[in-house]
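Noted in Swiss-Prot for the protein shown:
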- H2, E3: Ni(2+) binding site (BINDING)
- C73, C76, C89, C92: Zn(2+) binding site (BINDING)
Amino acid sequence: MHELSLCQSAVEIIQRQAEQHDVKRVTAVWLEIGALSCVEESAVRFSFEIVCHGTVAQGCDLHIVYKPAQAWCWDCSQVVEVHQHDAQCPLCHGERLRVDTGDSLIVKSIEVE
């Protein structure tokens, strides 16, 4: 379950930011998850709650935003959105795609008191 290690990394980032800005409590966190990141939302929510225990983010609201992946289509020379690894180009139905983004988990925003 790699969601646990991803959430641990996210909470470390949140903790560092909280320390740098003298924040006592984080009330909400927005995570951006790439469409090709292979993470389960329920596992992220479960893991996030566990790793937040005893931190400034304990009990905060978790908001998850999915970001479509972008790929370059070698057949029609266009940047397109894809939602799975073995996708076809939605414009020309070509299969020669170079996926450039979409496999990350990013702390997008933090709301504090």
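Cβ atoms here come from the backbone N, Cα and C positions, even for glycine.
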Look up E3 (Ni(2+) binding site) in the DSSP assignment and reduce it to helix, strand or coil.
helix
What is the set of residues, excluding C73, C76, C89, C92, whose C-beta falls within 8 angstroms of the centroid of the C-beta atoms at the Zn(2+) site?
W74, D75, S77, Q78, V80, P90, L91, H93, G94, L97
Inter-residue Cα distance where the pair is E3 (Ni(2+) binding site) and C92 (Zn(2+) binding site), in Å:
35
Using the structure shown, find which entry in C73, C89, C92 (the binding-site residues) has the sparsest Cβ neighbourhood within 10 Å.
C92
Rounded distance in angstrom between the Cα atoms of C89 (Zn(2+) binding site) and E3 (Ni(2+) binding site):
29
